[in-house]
Amino acid sequence: MGLTKQYLRYVASAVFGLIGSQKGNIVFVTLRGEKGRYVAVPACEHVFIWDLRKGEKILILQGLKQEVTCLCPSPDGLHLAVGYDDGSIRIFSLLSGEGNVTFNGHKAGITTLKYDQLGGRLASGSKDTDIIVWDVINESGLYRLKGHKDAITQALFLREKNLLVTSGKDTVVKWWDLDTQHCFKTMVGHRTEVWGLVLVSEEKRLITGASDSELRAWDITYLQEIEDLEEPKPKKIRGSSPGVQDTLETENGALETDGAPEDRILSCRKAGSIMREGRDRVVNLAVDKTGRILACHGTDSVLELFCILSKEEIHKKMDKKMKKARKKAKLNSCKGEEEDPEINVEMALQDEIQRVTNIKTSAKIKSFDLIHSPQGELKAVFLLQNNLVELYSFNPSLPTPQPVRTSRITIGGHRSDVRTLSFSSDNIAVLSASADSVKIWNRSTLQCIRTMTCEYALCSFFVPGDRQVIIGTKTGKLQLFDLASGNLLETIDAHDGALWSMSLSPDQRGFVTGGADKSVKFWDFELVKDENSTQKRLSVKQTRTLQLDEDVLYVSYSPNQKLLAVSLLDCTVKIFYVDTLKFFLSLYGHKLPVICMDISYDGALIATGSADRNVKIWGLDFGDCHKSLFAHDDSVMYLRFVPKSHLFFTAGKDHKIKQWDADRFEHIQTLEGHHQEIWCLAVSPNGDYVVSSSHDKSLRLWERTREPLILEEEREMEREAEYEESVAKEDQPAVPGEIQGDNYFAGKKTIETVKAAERIMEAIELYREETAKMKEHKAICKAAGKEVPLPTNPILMAYGNISVSKMCNSFSLVIQSELEESLLVLPFSYVPDILTLFNEFMQLGSDVELICRCLFFLLRIHFGQITSNQMLVPVIEKLRETTISKVSQVRDVIGFNMAGLDYLKRECEAKSEVTFFADATSHLEEKKRKRKKREKLILTLT
């Protein structure tokens, strides 16, 4: 094999210029014991934690590849659950910033995440229409709930009862009984998608938001409260027929006890609607921790706030209404009209839920979160559409609360997409410009050091000396900025249309511009007297114009400054002599206009990238096409040669950056990371850094490493990645009694579960080999009449001379959340050996809980085959005995520890003479209160 050419690998170094991406939601997080100061926002595949007071990024929760779609902090404030676009969920510790737990179960992006009250369970909803409930402590999936016909939009646990309520784009709200894992009620009162739902008034009312301007309220009545088995039934009242209570309830329409099984748990009745001011759909609907403030917003920039009144406040309000009505009735009677003997005042939904105020943000709202500060103020934080975070606060107890903007995070990014990037000559500063501003970044610290307002920028460069920058705009203007002061020095009307491209001359004395007015203009730098000061300042003057027949899209000087390449709207590239402006060559062959091009450092090659997705490499001496490469799956947006080489980078609308060799016409590597179209890139003068910008609002820095890249290995890695993807997309293994395609378990098959299963199989095969060797060794010793040394297996030796049973305990090495799926992939031929090993592990008393979990799972999925196999009967018998005894031991240890903790708790209570744990007594009082209420109700019925 001949010597292969080696290249150096470029790797992702950092993501900057991004405050928060649009796909996910913003949440308040507790950090260092402080609430209301820090927020977590999705940032492409990462999660950024921002300090609202200082406006600084203090922590990055590193993601892998997929975009973040959902965030949910745990009730204890120590963890953050993050949902991704590929359906995976990771739980990060906010103390260490590491993702300890990963759940894989969904086939599409996560749309909602919710913890239960204690934080032990996590419900996730996805675009694949499934809801999965995960056990966070055990790191495993509990069950999958199927029933919705479209993406899930919201899921909520109930505090008091083991129920879950979910909404979806299929226009229905479903109630799930988590004890039996089935849907017992489906609410079909909506005509359009249900985008959000909240529980208020001590979970006695459900409020839903759909695609219209109504917020619908539903009264929830828990029927188990009436038929509570723990309480004595009230005595029958003489003279009342057996069905009196039932008939009265159905007449009122509050309770529907028609004997249907779903109505045995709860019933829902529509209480009315609250009208929003927004005419479009509800995007987010949320309630604060106290359940008093309800907030919602649509696709605009207004958050509407409502106050849910307490029972006392409603009573006061109704009393006032009653007084008014009586006064009115008195006045009428004075005028001679008949007085109405009975004055009825009906309570409307508007009396219970009042509009408080509206918060108007500076741009469209993408998501928000609410939190109460200790001072009694309510804080609302917003993630806006234009890469901005704003914090508002107001006091809801005031009669007319006025929201005040207390802080905003703006410096860390542009408000719109970055259209042009440039490096300074010393590789330290990076310029980025968008539709409204120019920012200068320090490459090493990634801090924004200057922000200057400009017009819509299309192209830019640092003036030699790196003290000024020039921007070309969409209106055809040249804007000259001074970096030291951040001032706009001069604005020159250069072209009548958009100024698409600029190229600095190699002698650094001037530059050339090309615009939509079909002309190429030559400019020289000059020093002019400043009107405001005695010193001279930099300016530019036009020297020549080259008029053409088509719009100019791109211009580029050759390194020796003899030739000028001009890309035109007619899909050709024309090359002119710079000194005489005479035509030299025409490069034609692209089917669509050439958007970008670059000339190599030695002037031998020109590479052109077009909207037809191709890159063509031409010789500049004769204009011959050396090679046409199908480069991207969408338009090629930008192309740049690496200085002092014939390697070049291309950026495309297919979210990828690719590196190519222009001599060998080889694709070297693909830089994946952006999640939207890439608009432009810049290569540093020394070639060590590449910076790129995208429609996902992020700027990414890529760094050249010292690691050599060999093409054959790179292609092999690409093939492996493709294979791993295909493995994950294969049919899921079916459990006996389950229809193919229906997945009963919470997890899903991934390359990790396949690898884990392979590790277990390898360990079992090693166990088989070693047991066979041991038998042989015993026979040899018997025949020889003395002890013969046993040869040690090199694998066991490598692990430090461990025993074969320890080697086989590879179950503990499998990630807990993927354990069931790994066992499901195992062929049955390995199960008898596993059961024998489990017996050994049980007797040793190692990992009893884990072994029991694996054992019960294997028994469940291979029940028929295990019970019909006579060879396994003694193994199962032994397992039964050891399992029962060992589990009893573990239970006794836990019981002893619990008793010890109880004793310590009583000691603490006795010392401080304060009852910390008065839950039981309050529960009993609540029951007594309910019983008295019921007795009163029965008395009134009689």
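If you go along the chain as it appears here, the first residue is 1 and each next one adds 1.
Placement of Cβ uses the backbone N, Cα and C atoms for every residue, glycine included.
TrEMBL labels come from automatic prediction, so no person has curated them.
TrEMBL has this to say about the protein:
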- 61-102: repeat 'WD' (REPEAT)
- 103-144: repeat 'WD' (REPEAT)
- 145-186: repeat 'WD' (REPEAT)
- 187-228: repeat 'WD' (REPEAT)
- 233-254: region 'Disordered' (REGION)
- 411-451: repeat 'WD' (REPEAT)
- 492-526: repeat 'WD' (REPEAT)
- 587-628: repeat 'WD' (REPEAT)
- 629-670: repeat 'WD' (REPEAT)
- 671-703: repeat 'WD' (REPEAT)
- 816-906: domain 'Small-subunit processome Utp12' (DOMAIN)
Same-chain residue ranges lying at least 6 outside the repeat 'WD' (145-186) that approach it to Cβ under 8 Å: 108, 111-112, 114-117, 121, 123-127, 129-133, 192-199, 203, 206, 208, 210, 222, 224, 261-263, 265-266, 268, 285, 742
Non-local residues, at least 6 beyond the ends, that sit with Cβ under 8 Å of the repeat 'WD' (187-228): 150, 153-154, 156, 158-161, 165, 167-175, 254-255, 257, 263-287, 291, 294, 296, 308, 349, 352-353, 930, 934
Rounded mean pLDDT for the residues that make up the repeat 'WD' (411-451): 94
Contact set, same chain, for the repeat 'WD' (61-102): CB under 8 Å, 6 or more residues outside the stretch: 21, 23-31, 35, 40-49, 108-115, 117-119, 122, 124, 126, 128, 134, 136, 139, 672-673, 675, 748, 815-817
Counts of helix, strand and coil residues, the repeat 'WD' (411-451), according to DSSP: 0 helix, 19 strand, 22 coil
